[in-house]
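> The structure is given below, and queries will be raised subsequently.
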Amino acid sequence: MSTTNEKTNEFLPGILPPRGTGRTLSSRRTVALRTGLVVLATVFASTFLWKVPYGIGPYHTLQEVNADICPQVSELIPKSNGALWKTLGDTYETDAFKMRAVDWLAGAVRIPTESYDQMGPVGTDPRWEKFGAFHDYLLKAFPLVHASLEVTKVNTYGLIYVWKGTSSSLKPLLLAAHQDVVPVEETTIDQWQYPPFSGHFDGERIWGRGSQDDKSGLIGIMSAMENMLENKFQPIRTVVLASGFDEETSGLHGAQMLAPVLLEMFGENGYAMLVDEGSGYGEQFGRVIATPGISEKGYLDVMINVASPGGHSSLPPHHTSIGILADMLVNIERNPFEVHLERGSPTYKIAQCLVHTPDLPASLRRDIIRAEHNELALRRAEQELLKNPMFKNLVGTTQAIDLIHGGVKVNALPEQAWAVVNHRISTQSSVTATKGRDTELLISLASQFNLSYTAFGARITDADAPAFGTLTLSEAYTHGLEPAPVSPTGHDAVPYQLLSGTIRAAYNSHRGLSDDDSLIISPGIMSGNTDTRYYWKLTEHIFRYGHTDGASGGSIISGVHTINEAIKISNFVEMIQFFTTLILNVDESELP
């Protein structure tokens, strides 16, 4: 998950449980609000849990709830490929295969493929060279994948694997996962239960950086492919795997370079669907909910720069540039963006899926059901849902003052002071609207402090008027990113329905559950960004979903982007089963 645009996902549907927290609702009648954070956002993707106030209403079955609200599909078990699916499923449950899976993932973790901010181009910065060793490992670990699939390398370390199907008329399935991991802080190494690049297996978990994010995804896909090839599977529909190598630093050298090659291979909207890393599943209001991300929030870093005359600090003005900047930052934090739940938005769909959970308070259930056609019910539901700060952050545009700098010497007046405000832009807003709001918010202070004001290249005040100093707003580091297009999820959205049925099939088969006891599928949203930001032209049907178990870590935090990252081997094997089921289901589907 990206550190620059870190991914958080969701625990309210669409917000994932913190990977590995293992927190569940103990009964249908509990007191207090329980909130669990994910590392992230990133991520995907962060999560939180709500406990339910004592004295909730009666359980509502799916039949009692309006069938049009968050409709569910049955598990989707491969038919023409059913025998192979059962054979592989039985294999995956054996101890021998579990140890093979341990070896695959642990070996990948042992190669430290860290990516850093502001790395130089490939070929000039030696820190990229470790990816060559990682490629050597993949070649050794998955010989059939490399012998049977066409492999294209882009910018040296970007990987595209093409598993050619027998029908060239069918659009390919595109899978994505990244090779790189976030760096390990040297000062934290002694806090790891096992060394961060040891790939240690303690009999239950594989430990190390990347064991969750995102080598489990990449190795999970390749493990599924290797096993299918061992069983002589030949796809009808082409399968493509794209793997960048700097997702954690915004994908400038990896996915950004892969995108035009993928576009040239199969054309605009030339892929049937795309599944990249993202959220998983976890318990909400007494029911397990899986939350494939159907969109991502936008991104904008705004630099606020105040310049004023310098001089000796013994002869100060009423306000220095640092003091003026401080006033502006306080004003920003006093004025957060307005947040409203809008019908049809991804977060509205998230809320709708809660009606299928048994422990949702009865009054909130009624309001969510009525909200589609009743404004007062929508606002009541909004008021209640936005009490959860994690959900509120998913719904609206956020602001976080993350960087600040000013002054060079204690006895010199600072001639310049600046700060950077990070925005994650609501799916219902835009980069332009966010810039406009920031610009408007500081006009009165620019006048108060007699500053000449320029915002994003436009003069806001008269440039010729006398001024004490200047105020400049600009995009910091990179251009803003619009919110991602929202993938269709309706009754006729076959890719989403197929993915939903696949999730249920993988979840059920791993646990021996009937479909009646299965999990709920809810649209999710990423508060940060994945490599899919570069793939919007490839397909309308983009999903961020990794089939990770939000409770797989027991009482131990999963460690994504921090110390003690780990994954249960049972969850990793289930991920392999998920990718196997997805490939088989898409292969025999009616997708174009």
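Using the three backbone atoms N, Cα and C, a Cβ is placed for every residue, glycine included.
Worth saying up front: this structure is predicted, and the values here are computed from it rather than measured.
Dumping what TrEMBL says about this protein:
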ACT_SITE  Asp180  active site
ACT_SITE  Glu247  active site, proton acceptor
BINDING   His178, Asp213, Asp276  Zn(2+) 2 binding site
BINDING   Asp213, Glu248, His561  Zn(2+) 1 binding site
DOMAIN    294-435  domain 'Peptidase M20 dimerisation'
> So for the residue listed as 'active site', how many other CB atoms are inside 10 Å of its CB?
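For the residue listed as 'active site', the count of other Cβ atoms within 10 Å is 30.
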> Ten-angstrom check, please: count other Cβ atoms within 10 Å of the Cβ of Glu247 (active site, proton acceptor), all chains counted.
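Neighbour count, Cβ to Cβ under the 10 Å cut-off: 33.
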> Given the recorded positions His178, Asp180, Asp213, Glu247, Asp276, which lie close to His561 (Zn(2+) 1 binding site), meaning Cα to Cα within 10 A?
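Near His561 (Zn(2+) 1 binding site) by Cα: Asp213.
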> Which recorded positions from the set His178, Asp180, Asp276 come within 10 angstroms of the residue listed as 'active site, proton acceptor', judged by C-alpha positions?
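Of everything listed, what lies within 10 Å of the residue listed as 'active site, proton acceptor' (Cα to Cα) is His178, Asp180.
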> Over the domain 'Peptidase M20 dimerisation' (294-435), what does the predicted model average in pLDDT?
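A mean pLDDT of 97 is what the model gives the domain 'Peptidase M20 dimerisation' (294-435).
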> Rounded to a whole angstrom, what is the C-alpha distance between Asp213 (Zn(2+) 2 binding site) and Glu248 (Zn(2+) 1 binding site)?
10
> Going along the chain, which residues six or more apart from Asp276 (Zn(2+) 2 binding site) have their CB under 8 A from its CB?
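Asp276 (Zn(2+) 2 binding site) has long-range Cβ partners Leu175, Ala176, Ala177, Thr530, Asp531, Thr532, Tyr535, Ile542, Phe543, Arg544.
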> Among the binding-site residues His178, His561, whose Cβ has the fewest other Cβ atoms within 10 Å?
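If we count Cβ atoms within 10 Å for the binding-site residues His178, His561, the smallest count is at His561.
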> How many Å separate the Cα atoms of Glu248 (Zn(2+) 1 binding site) and the residue listed as 'active site'?
7
> Can you tell which of the binding-site residues (Asp213, Glu248) has the fewest other C-beta atoms within 10 angstroms of its C-beta?
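With the binding-site residues Asp213, Glu248, fewest surrounding Cβ atoms within 10 Å: Glu248.
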> May I have the DSSP-based helix, strand and coil counts for the residues of the domain 'Peptidase M20 dimerisation' (294-435)?
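Computed counts for the domain 'Peptidase M20 dimerisation' (294-435) are 57 helix, 34 strand, 51 coil.
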